[in-house]
Amino acid sequence: MPSVEILSRIQFAFTIAFHYIYPPLSIGLGLCLVIMEGLYLKTGLAVYKDITRFWIKIFALIFGIGVATGIVMEFEFGTNWATYSHYVGDIFGSALAAEGIFAFAMESAFLGVLLFGWNRVHKGVHYFSTCMVALGSIFSALWIVIANSWQQTPAGFRIEGHDLGARAVVTDFWAMVLNPSSVDRFSHVIIGAFLAGSFLVMSVGAWYILKQRAVTHAQAMFKVGLSVAVIAALLQLFTGHRSAHYVSKYQPAKLAAMEGHYDSSAVAPMYIVGWVDNKNEQTTGIKIPGGLSFLTHGSFSAPVEGLRATPKEDRPGAVNFVFQMYHMMITIGITLIGLTLLAVFLLWKKKLFQQRWLMVIFAWAVLLPQIANQVGWYAAEVGRQPWVVYKLLRTSDALSRKVTADQVMFSLILFTLVYVLLFTLFIYLLTRKIQHGPDISENAEIEYDGYYHDNITYHPTKL
Amino acid sequence: METILGLDLPTWWFLVIGGLITGYGVLDGFDLGAGALHLFFKKEESRRLVLNAIGPVWDGNEVWLVIAGGALFAGFPLVYGVLLSTFYIPFMLFLVALIFRAISIEFRSKEPWLWWRKMWDISYTVSSTGITLLLGLVLGNLIHGLPMNKDHEFTGNLLTFFNPYAILIAFTTLSLFMLHGSIYLVMKTENRLYTRLTLIVNNCSKFFILCFILTSMATLIYVPHMTHQFKSHPSLFLLPMLAVLIVLNIKRNVDARKYYTAFAYSCIITACLLILFAVGLYPNIVISTTDPAYSISIYAAASSVKSLKIMLLIAAIGTPMVVGYTTFLFWTFRGKVKLNEMSY
């Protein structure tokens, strides 16, 4: 049987990767809902009301699974990584507690009003709830990314005790919160989430346009999605550059792995595509000579620290994996910019919705930001190995001492089965909801009147 | 050691976590109880009504678990790691049950087919019951104490958790939540479902009183360390006496059909039992049955003074906000539950 370390790492990677399908969608959809409902309140047009209510239902589905799989993450720190929990509790714990009390509580309470409060509370109160849910999901991401960033670039702490009793203790709360990578990584993550949500909205809109169904509604939602996506795609170029810059400064071994750069100090190229042979420490591919030097130091001839500058036991092992994931993320990022700019141009020319081929691309493009978000995290997390807390605590030292391989194997199999089932049901129900489409108001004049109707006829399929 | 209002910081944080767990018990307790009772309702409309009675609030209630977990992680990281890794298998089952419960509520009404709804109804009841029993089992083991060596390592195995005392506590927790849930449902329903629920409330209160008596006796006889604290501070004996009075009061109010008062009392009894447990444990969190010297006290487990201070500040700012949102939510959805097109 594989070791406890390998099994625990697989389990954590699997459960977090699965969980991470949902929060970016909630965050991005939250922002789109704020825009849609805002447009409805501003214009009073039934089309915005219909698409708001349609997306609220999809939001509920996504949010529900996000919560259920997120609780697993919180408790897994304790179950599988007890030594780590003890080591970072003083710091990581406070960020997690702050997330719960400041973000999650707000999100969940207002979610109740968002989902069930339509026509029960005044429309202003409902809109306020929508905004609070969106804001809450962003705060959630903020605290979680802060906690993760501290592990990448620890700051504002000192080490107490030694060996198994060692732990990091906070000395400066704000230095810990605003550690060198917090801001860059948070902005990169949150914009990735906006892209995930807005591309889902555009994908569904494009699909209705292709099927010639609810075309007015489809175009309205597509435009909302596009307005978020084009800004986010362009901003992501900037935050991506900032993130690469912090990595070059604080985690040079990770950057070197991302570009497959081995020479301890030499001018480094930037690869468009490539392959890393980690055994012979060689990288081949199509490259921009001096590209990485320019990116990090602003000069094509400046030397960049490579992997050999770090002792072998302190640098990531899966260099090619990190390289490929990082490059896939960048390729997708550039593609998203191209796609959204093209769509905006065609929209301006009033030709967008006639381009069937582009609508087909957009219907499938929902997968692109999802993949980019996933692989970006793979590059970031595998690239900082063998450390769980950078240069302080090794992943292999962070385990629970009393947990056995049998136990982890049991839970890993359990989670695999449950998540396969969960994902199948999610895709099935999402497809059903999309196929059902938005309920279109027959009378465009009927407005949200802010009163609760006891006699609302509910959908006949819900007996 | 630094103190605030005469209490040291680890004690304060012990109170915060106690408060959060109590909040979780009081709030999620009724929706877990409602879930455990779900299959007792036979008609489709009744099932939808009882599901929607907790519809807008259950997610907010579960947040208290997330916050309590985060607070334990932050304040007593040693205990967080030791407890969760010791109860590895029970916690994994607990997490899976939480997932199934969430998706049962979410998915049930998405399709009209009979088998689909039946399947999620069963999954909902099984997961709600399972969550409650597992919580009770962990609680029972914490009251009873665990075989721990001097390195805070658990020396038992999975079967150690299934001792008669812990199993009794598991069922007492279930009976408490079922009573709590049934009283909540009675407040939220009307007509025939209401009448049916009043019978269920009566049965639940009998089940709970039986469990309560058994637990009280078992604790006095088999778990002497829980009563040490009471012997040194005799005024604390008021607490168990208060608990007995409240239990009798619930029965009286249920019989008099004063369900709002009964619900207030079932909230208080949940809180009261958890406070009894906290008083019994203090200043330890994990009691070692191998040697009392190996127990983990809040002082050995606590985070640094600076961290505790920061978090107390966070809690002081955050708690009124959470209470505010929760009140707003319950106020918005006050009164009897009605089905509409946004319902589950």
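Using the three backbone atoms N, Cα and C, a Cβ is placed for every residue, glycine included.
If you check TrEMBL, you get these features:
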type: TRANSMEM; residues: A:20-42; note: transmembrane segment
type: TRANSMEM; residues: A:54-75; note: transmembrane segment
type: TRANSMEM; residues: A:95-118; note: transmembrane segment
type: TRANSMEM; residues: A:125-146; note: transmembrane segment
type: TRANSMEM; residues: A:186-210; note: transmembrane segment
type: TRANSMEM; residues: A:222-239; note: transmembrane segment
type: TRANSMEM; residues: A:325-348; note: transmembrane segment
type: TRANSMEM; residues: A:360-380; note: transmembrane segment
type: TRANSMEM; residues: A:408-430; note: transmembrane segment
Interface check, the transmembrane segment (A:408-430) with the transmembrane segment (A:54-75), three or more C-beta pairs under 8 A: yes
Feature contact check the transmembrane segment (A:325-348) with the transmembrane segment (A:125-146), CB under 8 Å, 3 or more pairs: no
Remote residues contacting the transmembrane segment (A:54-75) - C-beta distance under 8 A, at least 6 residues beyond either end: 15-16, 18-19, 22-23, 25-26, 29-30, 32-33, 36, 96, 108, 111, 114-115, 118, 201, 217, 221, 415, 419, 422, 426, 429-430, 433-434, 437-439
Top Cβ-contact partner of the transmembrane segment (A:360-380) among A:20-42, A:222-239, A:325-348 (pairs under 8 Å): A:325-348
Intrachain neighbours beyond the transmembrane segment (A:222-239), with Cβ under 8 angstroms and 6 or more residues off its ends: 28, 31-32, 35-36, 39, 51, 184, 187-188, 191-192, 194-195, 197-202, 205-206, 209, 333, 336-337, 339-341, 343-344, 347, 353, 362
